[in-house]
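Here the structure is laid out as structure tokens; the discussion comes afterwards.
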Amino acid sequence: MDAMNQIGLLLANTVFSVLILLVWLRLLLQVAGADFFNPMSQFVVKVTSPLLHPLRRIIPSIFGLDTAAIVLIVIIKLVQLSAIAHLTDQAVTPSLLLVTAIFSLLLAAADFFFWVILGMVILSWVAMASGGMSPAMMPLMQIAEIILGPCRRLMPSLGGLDLSPIIAFLGIQIIEILLKSAYPQALMLLAG
């Protein structure tokens, strides 16, 4: 692969991954019922609104879930994978693109939650030590609560000790293992 293709690959991966992250954040901020007056939330809304508003006219929300955001994430991932295939001279079928997009997005979602929970744990220690919270911490905590809330309900109360992040990390790792083992099987089904 020549230098120009490598640069194109780097740019395609970076731009599309950041777009997916921002739309994913927007979706999760809505699911978590996060404070949209927070500066981080306002930035995410401002950046993603031009992409989401046209889709929302044709794709309604289902059960309060922003399906336009989900469709946009899948579309961006499909465009990213198509660009990568083009830059690396790989022939891909639409079904292969779709299966790869779905599995890679599910793995990325699991990875995202891992890092959000880890970030929340670290920031909570920093906040306790410094006596204050950064503006980014509240939306992070609200997003992490999507996973940590159900984990807390599984755990008995241990006084002031919260082990829900450990349960969440184990669950995320199990999901990643299952997805990574299911992906080759899905590819074999496509191959027929």
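From the backbone N, Cα and C atoms, a Cβ is placed for every residue, glycine too.
As the structure is a computational prediction, the values presented were derived from the model and not from experiment.
Lifted from TrEMBL, the feature list:
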TRANSMEM  7-29  transmembrane segment
TRANSMEM  58-79  transmembrane segment
TRANSMEM  91-109  transmembrane segment
TRANSMEM  115-137  transmembrane segment
TRANSMEM  158-179  transmembrane segment
Candidates 7-29, 58-79, 91-109, 158-179; stretch with most C-beta pairs under 8 Å toward the transmembrane segment (115-137): 158-179
Long-range neighbours of the transmembrane segment (7-29), counting only residues six or more past its ends (CB under 8 A): 1, 36, 41, 44-45, 47-48, 51-52, 66, 69-70, 72-73, 76-77, 79-80, 83-84, 87-88, 105, 108-109, 112, 139, 142-143, 146
Same-chain residues near the transmembrane segment (58-79), Cβ under 8 Å, at least 6 residues beyond its ends: 16, 19-20, 23-24, 26-27, 30-31, 48, 51-52, 97-98, 101-102, 104-105
